[in-house]
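Summarising the annotation, TrEMBL assigns signal peptide to 1-17. TrEMBL lists Cys23-Cys30 with the feature disulfide bond. Residues or ranges marked as domain 'GH16' by TrEMBL: 43-236. Under the heading active site, nucleophile, TrEMBL lists Glu118. The annotation active site, proton donor is assigned in TrEMBL to Glu122. Feature annotation from TrEMBL assigns region 'Disordered' to 275-343. Here TrEMBL flags 283-341 as compositional bias 'Low complexity'.
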Amino acid sequence: MLSQLLTVAVAATAVSAQTFTKCDPTKKDCPFPKALGSKIIDHDWTKGKLDFIKDLDGTKIEYDSSAGAVYSIKEPANAPTTESDQYIFFGQVDVTMKAAPGAGIVTSIVLESDDLDEVDWEWVGSENGRVQTNYFSKGCTETYTRGQTHAVVDALTEYHTYTFRWTREKLEWIINGQVVRTLNAAGLSGCDGYPQTPMRIKLGSWVAGKEGNSPGTIEWAGGLANFANAPFNAYYKSIRIQDFMGGGSAKEATEYQYTDRSGTWQSIKVVNDGKAVDNDNKSTSSSASKTATKTGPTTLSTSTPTGSANPAESSGASGSSSTTSGGSSSSQTTSGSAPNSTSAAGKAVISLGSVFAASLLYFVL
């Protein structure tokens, strides 16, 4: 069974595509995703567990009154992972956290849909000064040109707030209130297609640097993890989640219904208690937001594309900013260095997915 969950990918960045789903609605009829709807999740993990986020098999999260939720790796087989059982259909997710330190250790925040659209933040425990971002469309791993890296001060030792702001028109990755990357939906297709289907939230950490993994994976992870230094702890302090419910006029939603196999946002019906809600199946900016992007100290210096040659993208430099208030969003993004094509030589990475859930990761050379 587990062997069916594994996909090896040669990549310029090791932020890997999630290529497992229990049921892909673009392939067959599936249970409809449950919507978060109008409720806004705003939780402080220093106060204890959040029921909205479920522990997957083999995961036991501890809670600290000052540090928050502790995702602890004590041995190579550990891969603490949690996920929501409700979905957002466009929306905003803010997570305040600090990644696990240590060569070979990876920490992540992921949005993922049943048809394998995916958006990532990911940290390597040997890199205190940067974070990686990536996205995938329908699980496509034919190309790995979408990853970027972004500078952030003391990512492993200080708390920062990392945000996905995701609308019909664009996806923004934001650190402490500053936009570091913008992906515009217009013109994207194929493997570079825009993530646009309802997603759940996944949080977790895992061991990339261990014996038996591919040399490329171990190299990317900063070498083998030294378990004499265990435990390797990632701390998630707080989370705020808002569902834009399709970005149209919906005021409430209980589920999202795929009406065909296209996997486009226009084909997904917003439903409230069995009744379809107008999703305004045309491109308009989301006016449902009641969320203010959290702000913090300026910690950014540069953003470095790791292979994106996508004209729909821009990377925020240290002057980038994003503000969100009263349902409107404004951003200014100063382009960093021009994207460059990056060779994928030797960097093989494995998809996470339910391998996380089983707390087992297998890598193929």
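Just so it is clear, glycine is given a Cβ too, placed from its N, Cα and C backbone atoms.
TrEMBL does not curate its annotations; it predicts them automatically.
Are these features on the surface or tucked inside, and what are their neighbours?
DSSP assigns Cys30 (disulfide bond) to coil in the three-state reduction, outside any helix or strand. Around the Cβ of Cys30 (disulfide bond), a 10 Å sphere holds 15 further Cβ atoms from the protein chains shown.
Every protein chain considered, the tally of other Cβ atoms within 10 Å of the Cβ of Glu118 (active site, nucleophile) stands at 26.
A simple way to gauge crowding: the CB of Glu122 (active site, proton donor) has 22 other CB atoms within 10 angstroms, across all the protein chains here. Secondary structure at Glu122 (active site, proton donor), as computed by DSSP, is strand.
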Using Cβ atoms only, which residues of the same chain lie under 8 Å from Cys23 (disulfide bond) while being at least 6 residues apart in sequence?
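Long-range Cβ contacts: Cys30, Pro31, Asp114.
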Secondary structure at Cys23 (disulfide bond) (DSSP, helix/strand/coil)?
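Assignment for Cys23 (disulfide bond) reads coil.
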Within the domain 'GH16' (43-236), what mean pLDDT does the predicted structure show?
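Mean pLDDT for the domain 'GH16' (43-236): 96.
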